[in-house]
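Annotation source TrEMBL lists active site, proton acceptor at ARG153. Look at TrEMBL and you will find ASP435 tagged as active site, proton donor. Residues or ranges marked as domain 'Malate synthase N-terminal' in TrEMBL: 3-55. Feature annotation from TrEMBL assigns domain 'Malate synthase TIM barrel' to 149-393. The domain 'Malate synthase C-terminal' feature in TrEMBL is assigned to 400-520.
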Amino acid sequence: VTPEQAQILTPEALQFIATLHRTFNSTRKTLLQKRVLRQQQIDQGILPDFLPETKAIRDDPTWTGAIPAPGLADRRVEITGPVDRKMVINALNSGAATFMADFEDSNAPTWENNISGQINMKDAIHQRISYTAPNGKQYNIRKDGKVATLIVRPRGWHLDEKHVLIDGQVTSGSLFDFALYFFHNAKKSVEIGWGPYFYLPKMESHLEARLWNDVFNLSQDYIGMPRGTIRGTCLIETIMAAFEMEEFIYELREHSAGLNCGRWDYIFSVIKKLRQDPAFLLPDRADVSMTTPFMDSYVRLLIKTCHKRGVHAMGGMAAQIPIKNNEAANKAAMDKVRNDKLREVKAGHDGTWVAHPDLVKIALTIFNEHMPQPNQLHIRREDVHVTAQDLLNTKVKGGKITEAGIRANVSVSLMYMEAWLRGAGCVPIHNLMEDAATAEISRSQLWQWAKHGARTNAGVQITPEYLLRVLDEEVDKLSKEMGEQRFKASKIPQAKIYLATQITGRDYSDFLTSLLYDDIVELEKAKANL
C-alpha cells in the first residue's frame, strides 16, 4: 500500500468494510447459490415468469419509489466510463447531466485501477481533481458549476475482491467498492448539493435488491446520515430481473432512483440463461436490435413500471464513437446514435447513456427537442401490456448466422479479453466502445451455436472444431497486423487459451470477468505484505 493509497485504505475505512462484510457476506453467498439452483430449473425447462408470491406488490397501486434526489431530477444524458483520472475529468466536464463512474464492466479490477479509482472519486467529490498528461496538457474541473452529477457503479454481487481478506475470507467486490466510496464521500457529496448515488448491476432477484437496501440502511446509520439519502438505480440487465422490475423498486423504495435498460448485458443474459434450449438460438449480434420482440417488450415494460411508481426509466448505451479520417463512416455512426436516442425519448425514457463525450451534444439535442421538461414521469404508458411470452420471444425477423458474424464475435472476444488482461476494461474495437458486456454476448453466442450445431446462412454447420479453427485464423490475422514484437508483448496468446475453453458448447463460465480475474490478482505481492 503506497502512501497515496493509504489515504483511502485508512483503518477506519477498512473497519467499515469489515463491518459490512461480517454483516452481509453470508447473505450474498446464499443469494448467489440461489442463482445456481434457478439455473438448474431453467435447464430443466422451467422458464422465467412473474412471481406469484409477489403479485400483491405488483397489484398494489398505492406505493411509490422515492422522489428524485438533488441532482437526479433531470438525467437526460448520462455519460459512462471507467474511473481513470482523465476520463473522470472529461466526463464531469462533458455537459452531460450525470456521470456514471464505473468500477464494474468498463474497469478491469486490478488493485491499482480500483484504488486509484477511489482516489479519483474522492478528489472529484472534494472538487480538487486535476491531471497533467504525459505531453504536459492540463485537465481541470470546470468552474462554472455545470459539472455532471456523480453516480458510482460498484461491481456486481458475483465478483470478489481477492486483495482484501477479512477473517481469512475474500471480501465482496460490491461491498468493497461501495464501502470505500461511501465512507470517504457520502457527507461531502451532500454538502456540495448531491448525495451518495449508485448504479446497481447484474442483479437477478429482488432479494438481491433487498440486500442492497439493507447495506444502505446500515451504512447511513453507521455514519449518522438520515436514511433515504442514498439513491440506487437498478440496471435491468438480466432476463430474471425483467420479471421483477416492480419488486426491485419496492425493495429499494426510499432509496430508489429508478431502473435502467442495460441492453447489452440483457442480451448476454438471455443467451446465458436459456442457452441449453435450441428454441432460443439468436442470429448474428448485429441482427439483434432494440426493435427485436424480446428487447422491445422489455423496454416498454420498464418505462411503464418506472412511471407507475414515480421513478426514472433510463435508456441504454450508444456504444458508437467518432470515426476519424472517414467522414461517411462517421456520419453513418452518428446517425445511428440519433435514431437510437430519438426512439428512446419518443418511447418515454427519462434519459439515455453515451460512452463518449462527443456524443453528449447529439443526445442532448434530441432530448432537449422532445423533452423540454426535466423528465417524462407523467407518461404512464398504460397502453402497454407485456406478458411472459413477450419477454421470451427471441424470434428475429430476417436474422441469420453468418461467417462474418462468427468472425466478428471471435475477434471482439479476443481483443477485449486481451485488453482486460492488460488492465483495460473499456476498449475501442471496430469503432465501438466495448466493455465486458459485448464480449460476453460474443462468446456466449459462439457457445450456443456450437452447442446446438446451428448452421450459417451458407449452410455450414457450426461445430467446436469449426470455431477453434476460426479462432486460430483470427489469432494469425492479429499476429500479422500487430507484427511479431507487438504480438509477443500482448496478451493475445493468453486470451486465446481462455476463449478456446468457452466456445465449444461444453464448459461455460458464468462471467468472463470471473474466469479471467485470477490473472490480474497480485497474489505474490499480497502474500509478501501479509
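The backbone N, Cα and C atoms fix where each Cβ goes, and this holds for glycine too.
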Spatial separation of the residue listed as 'active site, proton acceptor' from ASP435 (active site, proton donor) - C-alpha basis, Å: 14
PLDDT averaged over every residue in the domain 'Malate synthase N-terminal' (3-55): 98
ARG153 (active site, proton acceptor) CB neighbourhood, other CB atoms within 10 A: 23
Tally of DSSP helical, extended and coil residues in the domain 'Malate synthase N-terminal' (3-55): 41 helix, 0 strand, 12 coil
Number of Cβ atoms other than its own within 10 Å, given for ASP435 (active site, proton donor): 25
Number of helical, extended and coil residues in the domain 'Malate synthase C-terminal' (400-520), per DSSP: 78 helix, 8 strand, 35 coil
